[in-house]
Amino acid sequence: MVPPSGQCRAAHGEGGGDPSLEEVLLDWGGASAPAWAGQRLPPSKPGFGTPGMGPKGGPGRSSEPLGTAVVYKARIRSRYRGTSVKAGARTRENQEGGKPVEESRRHLPALGPLGVPVGGAHEEGAGADCGQMEPEPEPAAVEVPPGRVLSAPELFAARSRSQKLPQRSHGPKDFLPDGSEAQALRLRQCREELWQLLAEERVERLGSLVAAEWRPEEDFVELKSPAGKFWQTMGFSEQGHQRLHPEEALYLLECGSIQLFHQDLPLSIQEAYQLLLTGDTVTFLQYQVFSHLKRLGYVVRRFQPSSVLSPYERQLNLDGYAQHLEDGTGKRKRSASSQSVNKKAKALEDSLLPISLAASSPPASVQNSQCSMEKAQESKPMKGPGVPFQLLGSLEPCPGLAREGQGCGEESGKAENGVKGARKPRWNFEQISFPNMASDSPRILLPAPAPELLPANVAGRETDAESWCQKLNQRKEKLSQREREQQAVAQQFREDVNADPEVQRCSGWREYKELLQRRHLQKSQSCPSHLWGQPVTPLLSPGQADSPATVLQHISVLQTTHLADGGARLLEKPGGLDISFDVYQADAVATFRKNSPGKPYARMCISGFDEPVPDLCSLKRLTFQSGDVPLIFALVDHGDISFYSFRDFTLPKDLEH
Amino acid sequence: MAEAVFHAPKRKRRVYESYESPLPIPLGQDPGPQKEFRVFRAEMIDNHVLVRSPADMEQLYGKGYFGKGTLSRSRPSFSVSDPKLAAEWKDVKTNMPIIPSEKYQHRLSWAADLLRRQGQDENTVCRVLEEYTRPLEHLGGESSAEGRPQAGLMAETGGLLGIDGASGTMKETGKPGLGSGPGPLAAASFGECTGEDPAPASRVSSCVLDALSPQCGLLPLDSSLHAREREPGPEFVLVEEGASGGSEREDTQAVEEVKSIKLVQRKRLICRRNPYRIFEYLQLSLEEAFFLVYALGCLSVYYEKEPLTIVKLWQAFTAIQPTFRTTYGAYHYFRSKGWVPKTGLKYGTDLLLYRKGPPFYHASYSVIVELVDERFTGPLRRPFTWKSLATLSRVSGNVSKELMLCYLIKPSTMTDEDMKSPECLRRIKVQEVILSRWVSSRERSDQDEL
């Protein structure tokens, strides 16, 4: 069974997440309940239990003893044009005093003339026949107050009524009002079904309901009787009490797992929506995402900034320790302390930052040393286990080795003075003599190394390397047939450097290098001067193109960064989106422990579909905050939720052609 | 891992070409004789960069997949020759295009129009065209033995085309095992066909050449360029005509042979001058052109015969396309990672990234490029709403591409003055972000996705 979704839209009021349903829009032929309305009902239907959801099992419904069931009423017609209807809360409000009470009697008659509100901003048909809406027939048991104990016949009736959701479709979808009688009829039909569905009583066994009290001043719900199975994944303990966050309480209320009281009076679902989702705890959007994910079986917990390990902590394997810390702070979470916890976490991260810089952990190290970043870049893709880096096979298995001699010096020169790209060889090879260790050299006496090349505490001395040479494998390389053929082919075209008479005339490396220089000059003279004779020359000179790898190395001038880089700086800036929930996979429910939840599967940011897309700045801030857990943006569009993730990426270098 | 996973690019099911080289420059590691580093030539025409020389076009497109043919979808593959006819006459080893006579008539009329527009009176037009397009055959009556020496003679005079084609074909047919057809015969007949080409060519009055050459192709060109660089193809065409009358009946035996083999009744190829030539050029995007110039140094872009310097090009391209610096930064970045970026116009994005090249792999990424400042904000080229982003993500997903947002981050110290030189690229950092849709219900069963 699938909850009807999407096709009907419920536009809720603007007033700070007021959950009351002020406007109901129906698309033609759609489901007969708005998405969120569907969300409320299905959990009470059998077969809807998803792992982790079920505080209440499916079986045993009909075998419940008479007289112990209570009725929960989903009230929808709370406020139309300011007429507030709170049937169930009537008495309470009387006690409170001050709030309008007399409307509660009025709500049904008032609906007729007012009809479905003409939502100015809304398109699609709703306005079509607003005016001619007839007063709706009053569903039978609207006036039953929540928490009432049913009589035997009522219970029997409740148990034996149809469990089927009404038909979803009333023909093809209409997009424009055509003023026809048939359309109006269909619209009315849809609407009636919606009301009916929303008004359905939820009958639960009193014994299986956990009593809980809403404490508005502290923004949590305190359990009055021992918690049910849901306690494994929901709620928190504080000061020896079991408590629920408002979104959890509301969800459990909708599931029929708790009975919620406020000032000793039971709350209807509608009232709970109104009371629990107002204020600055959880917005309606957040609750929609929360309940959506919960119904799919995910474990959803509030995001606690303090639970995120800093890169440095992660590097040091501080998981366990941080977990321990979190247990301490996490317990007295909620309420006013949340802000301070947040600050504390920031302070912790900030204090750790200098250290993590020194440790050159990838995210933080960038600003300072480009060189180390380059390394990190190269090695980073390799690290990811199980990542199919096919292309990377040829990606310079060892960066140090791939660059030889001059190339190396050049590289470092580039990194050091970034912009200018000056080439400063690190070693002066004219002064460093390399011994000939080849087999053709009869006597190998290695002179003492120049002291300036050695660290202060190391003494160099002369050696005879002959004994070493004997140990070296100096046999000729054995080649396969194919390799030999390849070599032969290459040999056809390649000239032995030593065969060159000019080279032969050189008496030393210096002369040979000069020769090369001369030749290079000659060659580059053929290079057009409008390219090479200018302040800005091409990145690649004709002689430098040995292999695709070296070419790419020469022309790689733009640097890569990562989303988490420099995120700490951005954390100080307030505002914008925030991470709301940690989400754990549904199949982890069995082993899930609130005390040590482990790494979340993802973290959720919740935003309206009309709100702006986060810019790079917010992306970086949130990604940094999220640490190594993927960040997902949940977008709520009138009850429809879609999820998008922005993830850091570095395109691998492709050399294997 | 919070990082997006790299998905291996999808190989195309059928690959019709072989991979030559990643870039149009000679690589030291290549086997074979060291090739010379060659600087290609392109021209700025009306804010577009065009490469005209067929050899350059082939190199630039074939090695690295730069540019697109002006008359083709991607690889410049337009040919005058009618593919069906070419297949029919494939035994006639020629590299001259073969066209049906209707097409030839079209060309004639276009040429006539052109001449008329140039103010020639009807008589002159007729006379010129008649002269110009006379079937180049009257010399062909001689035996094939004479045809060849003549061709050789013409070769000495040089500069004239067709000779190359003829001798090339001779060589080809001479090779053993090439084609089961009557090689020598075809060669002989071909020799006749082509042998006479140059003669009328040399006879054609210069005024006609002058009149006709400007209209060669789509752009005004100096004819000398063509004479030097163009293949012989478009200058002469073989027109398939129904054999008319008996005048050509006494054609050499060889042609008869061919005809009988081909079973093409009373159809024959007649070599004529092409009165209206159409050329295809390689058009480089500004990013491609600049990359070839700045990164590889293998292209000179000329503007009115003057080669442009790198800085000049940078400024000129920025003037032509205000966001050039941004898009070029991204282009350069992806090229320097060994990928082949092409325009993402068809998918509503800035770039598509191919592995190796479009013939081999499907594009893996569809890229949007933005330039931001140090504070990661800035006037975006393309401000997104969730709706537009969702649309784009859906489109990219449906064509199996991942949507990538590529942010170029310029340091706060970079001034506009710095931006006037491509050297500013060295200070720009690149942030790649993959946008993907997460399906809450599917991910439950499909856990390896995240």
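Note that the numbers count up from 1, one per residue, in the order the chain is shown.
Every residue, even glycine, has its Cβ placed from backbone N, Cα and C.
Any TrEMBL annotation is an automated prediction that lacks curation.
Just so it is clear, the model here is predicted, and its values are computed rather than measured.
For the domain 'tRNA intron endonuclease N-terminal' (B:270-314), the DSSP-based tally of helix, strand and coil residues reads 16 helix, 14 strand, 15 coil. TrEMBL lists B:270-314 with the feature domain 'tRNA intron endonuclease N-terminal'.
Annotation comment: TrEMBL describes B:324-408 as domain 'tRNA intron endonuclease catalytic'.
Residues annotated as active site in TrEMBL: B:Tyr354 (among others). Around B:Tyr354 (active site), the same-chain residues at least 6 positions away in sequence with a Cβ under 8 Å from its Cβ are B:Pro9, B:Tyr65, B:Trp339, B:Val340, B:Pro341, B:Lys342, B:Phe360, B:Tyr361, B:His362, B:Ala363, B:Ser364. In the three-state DSSP classification, B:Tyr354 (active site) falls within a strand.
Note on B:His362 (active site): other Cβ atoms within 10 Å of its Cβ, all shown chains, come to 16. Summarising the annotation, TrEMBL assigns active site to B:His362 (among others).
Taken from TrEMBL, the feature active site covers B:Lys401 (among others). B:Lys401 (active site): 21 other CB atoms within 10 A of its CB, across all protein chains.
DSSP assignment over the domain 'tRNA intron endonuclease catalytic' (B:324-408) gives 28 helix, 25 strand, 32 coil.
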